[in-house]
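Taken straight from TrEMBL:
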TRANSMEM  26-48  transmembrane segment
TRANSMEM  78-102  transmembrane segment
TRANSMEM  122-141  transmembrane segment
TRANSMEM  153-172  transmembrane segment
TRANSMEM  237-258  transmembrane segment
TRANSMEM  270-289  transmembrane segment
TRANSMEM  301-321  transmembrane segment
TRANSMEM  342-358  transmembrane segment
TRANSMEM  364-381  transmembrane segment
Amino acid sequence: MMAGDWLQGPYVYYLYTTYGYGKGDIGQLFIAGFGSSMLFGTIVGSLADKQGRKRACITYCITYILSCMTKHSPQYKVLLLGRILGGVATSLLFSAFESWLVAEHNKRGFEQQWLSLTFSKAIFLGNGLIAIVSGLFGNFLVDIASLGPVAPFDAAACILAIGMAIILSSWGENYGDPSDNKDLLSQFKGAAVAIASDEKIALLGAIQSLFEGSMYTFVFLWTPALSPNDEEIPHGFIFATFMLASMLGSSFASRLMARSTPRVESYMQIVFLVSAASLLLPIVTNFFIAPSEVKGGGISLGSSIQLLGFCAFEGCVGIFWPSIMKMRSQYIPEEARSTIMNFFRIPLNIFVCIVLYNVNAFPITIMFGMCSIFLFVAAVLQRRLMVITDKSKSDEWTSMKERDVETEPLNDD
């Protein structure tokens, strides 16, 4: 499933430029994707809890295959439709599969600790190894085999079709809330109440939105940041390098999560601070190294330094995914898991749409500065989450001790 997504990643922006579209038009195409993820994705995610997670995963395959097919057309409206379908698919990729896994894991009565291991492996393989292989394979199709920028999208469609066949033949179905009389609106209300009544869930949602918002803005900005004067940069290889950094991050996270200390809530503060610092590098390099005025050529010194910072950020992304998955499995109630997870994506998508809509209005350094501020705020909120979880744990410990004290005189009698 991730391979189908990763194969497309490095070439979306590039494909649109080959069709002759500028930064503003491309920004609007990206907005269509994030906007559709926000509007339709939230509804489709809620239907996953009600209609079944396996069905939702199959829907992901179908919508993404259709999205890949639209890339053959240079027509703006067709490409726009492709982005809308892609937006729905992305929402399902990041909610339905995880919801299916958690429910299936609990249904079979497996140990909770195993879930952390599965998440780490999923990120290590799916976000790491598969992404690197996809980046290199995409590079091979476009640059070496010279099959054109649409080739990775065709390859993605084939891989998604294989994945769909595996899901259809080997997965069981599971649902969120078993009460069938709940309509979509009451599901939304239930999810909103859960977020509003539990500060831990609200904080988790805010942290996720701030981090992912910065991450998706980075996805749009790294290509123009590394080639400000249309330098020739190897997209597939740079993407593979990013994924290698992400893979190292997730491997590090699995080691951290296997130990009882430090807790996820504790070390994630440092991760957010490091990621905030790494996205400040484009501002620092622009300040100290005069940008080149020559068009074309290879990657510049300033861009090479930025690339190191971007790799550090991708390492933080690798730690973020399994860690946030672990926290979500602890704090989000099972009956509305997909709905709540898609609720978290609403502020994220609004933020990314606003950024992309104003992409021509601000210099790229301002955009990176804004992302850096958001990541710093995420670190502050993560601190608050740790304080709350520590307090609730100490309260539980106190009440247990009180109960023990109350039962002791009875034992003496």
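Using N, Cα and C of the backbone, Cβ positions are placed for all residues, glycine too.
Relative to the transmembrane segment (270-289), the listed stretch 364-381 leads the set 26-48, 237-258, 342-358, 364-381 in CB pairs under 8 A. Long-range Cβ contacts of the transmembrane segment (122-141) within its own chain (Cβ-Cβ under 8 Å, at least 6 residues beyond either end) map to 1-3, 6-7, 9-11, 147, 151-152, 155, 234-237, 239-240, 243-244, 246-248, 250-251, 253-254, 317-318, 321-322, 325.
Outside the transmembrane segment (26-48) by six or more residues, the chain places 13, 16-17, 55-56, 59, 76, 79-80, 83-88, 90-92, 95-96, 99, 176, 184, 187-188, 191, 216, 220, 338-339, 341-343, 345-346, 349-350, 352-353, 356-357, 359-360 with a CB less than 8 A from a CB of the stretch.
Sequence-distant neighbours of the transmembrane segment (301-321) (same chain, 6+ residues past either end, Cβ-Cβ under 8 Å): 119, 123, 127-128, 211, 215, 218, 222, 225-228, 231, 233, 238, 241-243, 245-253, 256, 267-268, 271-272, 274-275, 278-282, 285-286, 289, 291-292.
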